[in-house]
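Worksheet: one structure, shown below.
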Amino acid sequence: MEKAIRNFLSQESAGGILLLVAVVFAMLMANSPLSGLYQGFLGTDVQVRVGALDIHKPLLLWINDGLMALFFLLIGLEVKRELLEGALSSVAQASLPSFAAIGGMLVPAGIYLLFNYGDPVTQAGWAIPAATDIAFALGIMALLGNRVPVALKVFLLALAIIDDLGVIVIIALFYSSDLSTISLAIASVAILGLVGLNRKGITALTPYGILGLILWVAVLKSGVHATLAGVIIAFCIPLRAKDGSSPSEHLEHSLHPWSNFLILPVFAFANAGVALGNMSLDTLLSPVPIGIALGLILGKPIGVMLFSFIAVKLKLARLPDNVGWMQIAPVAAMCGIGFTMSMFIASLAFEQADPMYGDLARLGTLIGSFIAALVGYFWLSKVLPKKGVLL
């Protein structure tokens, strides 16, 4: 387990730096004479036609619907592994991160709704500060090296995975519309095929890939967000083969570098470019960005700490071995790094609204995530031992 976590975090650290570079590059492009080129590139029409099938979208939506489906495939594989064999495989292990994740979603959402009360357009963004960017949060923690106890790393990993699971449910329930019965029927047949492959013990990934592609197209056309196809595919791929090997883990390890070094940086570059030219202090303090920023900076740590404390006091959960509240608190602050996940939800929440709302949401996400990262890093650095701990 130690080796797996070390390998995972070493990639997340490098990936987190690349994400930051992508965001800076996007902001520079959006606020320079190259802004027209930037917007034109993302708005480029890309069409795929095979017989009667016709998918016609701007490049930005191919990134958000296509590349991010692969990212959610990876998230689904991680969730399944942790539920069956990892940090969430028993009630005792899963209790504290589960309560923490629930609090870390409810309180930020409540803060956002408090600032956006009475406005049905902006209220659609309530889930934006509820998300945690697992890659960036773990990347920030990885900068502290072996000073961080393994139990604390596992707590953040488990919490972030449950948070991702919550985001998946939110997308399915609240950000799907104009459902197509025919497309849903085709998607259902594809899902039955995937389940059948699993039940028959098929471990070759090619059949899952073929049915998965059919499922993605059907879900894309159905009105349900296409990224959910990635999660469904992940849950159908067997965790263990008869010989003890793991097709699921093999695919997960193969996808990690693609996710960290291509998918997420490309997504960040495509979605983080906010033009600041027409924004004033009043704009920055308007309900959408202030609700998101405060939800991430204050709501996340308050929610995580409050629900964790209640769960421990009621003996529904216990703190990890050799970890105290002084170490949990800065990790709770790190959970406010919403970044790519928050921007992704923002793209769904304000997809049909004035583009201004999307810009405000991304700006609030960037400000909130940046402050949460700084606070979490320096706070955790302060409370950890100066020398490495035994892992």
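Cβ atoms are placed via backbone N, Cα and C, with glycine included.
Taken verbatim from Swiss-Prot:
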TRANSMEM  14-34  transmembrane segment
TRANSMEM  59-79  transmembrane segment
TRANSMEM  95-115  transmembrane segment
TRANSMEM  124-144  transmembrane segment
TRANSMEM  154-174  transmembrane segment
TRANSMEM  177-197  transmembrane segment
TRANSMEM  213-233  transmembrane segment
TRANSMEM  261-281  transmembrane segment
TRANSMEM  290-310  transmembrane segment
TRANSMEM  328-348  transmembrane segment
TRANSMEM  363-383  transmembrane segment
Tertiary contacts of the transmembrane segment (177-197), as residues 6+ beyond its ends and Cβ separation under 8 Å: 207-208, 211-212, 214-215, 218-219, 221-224, 229, 232-233, 236
Residue numbers, six or more beyond the limits of the transmembrane segment (328-348), whose CB comes under 8 Å of its CB atoms: 19, 64, 68, 100, 104, 108, 125, 127-137, 140-141, 152, 155-156, 159-160, 163-164, 167, 170-171, 175, 225, 227, 264, 267-268, 271-272, 292, 296-297, 299-301, 304-305, 308, 319, 358, 361-362, 365-366, 368-369, 371-373, 375-377, 379-380, 382-383
Among the ranges 59-79, 124-144, 363-383, the one whose Cβ pairs under 8 Å to the transmembrane segment (14-34) are most numerous: 124-144
Long-range environment of the transmembrane segment (59-79) - Cβ separation under 8 angstroms, sequence gap at least 6: 41-46, 134, 161, 164-165, 168, 212, 216, 220, 225-235, 237, 248-249, 251-252, 255-256, 258-259, 262-264, 266-267, 270-271, 344, 347
Sequence-remote partners of the transmembrane segment (213-233) [C-beta within less than 8 Å, at least six residues beyond its ends]: 53, 55, 65-66, 68-76, 79, 168, 171-172, 175-180, 183-184, 186-187, 190-191, 194, 344, 348
Interface check, the transmembrane segment (363-383) with the transmembrane segment (124-144), three or more C-beta pairs under 8 A: yes
Leading stretch by Cβ pairs under 8 Å, where the reference is the transmembrane segment (154-174) and the options are 95-115, 124-144, 261-281, 290-310: 124-144
Other parts of the chain folded back onto the transmembrane segment (124-144), taken as Cβ under 8 Å at six or more residues beyond its ends: 8-10, 12-17, 19, 75, 104-106, 108-109, 111-113, 116, 152-153, 156-157, 159-161, 163-164, 166-167, 170, 174-175, 259-260, 264, 288, 291-292, 294-296, 299-300, 331, 334-342, 344-346, 349-350, 353, 357, 361, 364-365, 368-369, 373, 376-377, 380-381, 384
Intrachain residues whose Cβ lies under 8 Å of the transmembrane segment (95-115), provided they are six or more past its termini: 87-88, 123, 125-130, 132, 155, 158-163, 166, 287, 290-292, 294-296, 298-300, 302-308, 310-312, 316-320, 332, 335-336
Non-local residues, at least 6 beyond the ends, that sit with Cβ under 8 Å of the transmembrane segment (290-310): 96, 99-116, 122, 125, 128-130, 132, 159, 284, 317, 325, 328-329, 331-333, 335-338, 342, 361, 364-365, 367-369, 371-372, 375
